[in-house]
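Noted in TrEMBL for the protein shown:
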- 56-110: domain 'Integrase catalytic' (DOMAIN)
- 1-20: region 'Disordered' (REGION)
Amino acid sequence: MLEKAASTLPGNARPPVHSDRGCHCRWPGWLGLMERFGLTRSMSAKGCSPDNAAAEGFFGGMKTEAVHPEKWEEHTRNEVLALVDECIRWHDRERIKQSLGWMSPVQYRQSQGMAA
């Protein structure tokens with residue numbers, strides 16, 4: 001997923017990648033992709049989730065809204081990946097925010113000329 005996303009970046013764009021301190025963010029394969037694409041990791045300090053409130057809020061909401069935490073083990077890997085994909089698409093394209101003038105993040109970026 002990271003490789004696919006990074007390959008769509010225009011020119012020299014290298015945005016930070018916000019994440020929590022989960023094991024996937026310390027996995028050598030993930031770290032190798034971050035280095036390969038020149039991406040910067042943005043993580044909260046250990047035990048201090050407010051350091052990365054945007055990522056913590058997104059992942060926390062996804063975990064509780066998409067599937068109750070105690071139910072994750074009942075799903076296959078592909079089912080979980082599909083749920084994550086669905087959640088990200090909903091968050092970016094359909095979820096409106098007051099701070100963005102009641103637009104979704106994609107609508108807001110388009111209104112600012114920041115996305116096609």
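Cβ coordinates are placed from backbone N, Cα and C, and glycine is handled just like the others.
No curator has checked TrEMBL annotations; they are predicted automatically.
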Counting by DSSP, what is the helix, strand and coil composition of the domain 'Integrase catalytic' (56-110)? 43 helix, 2 strand, 10 coil
Provide the three-state DSSP residue tally for the region 'Disordered' (1-20): helix first, then strand, then coil. 5 helix, 4 strand, 11 coil
Averaged over the domain 'Integrase catalytic' (56-110), the pLDDT of the predicted model comes to 84
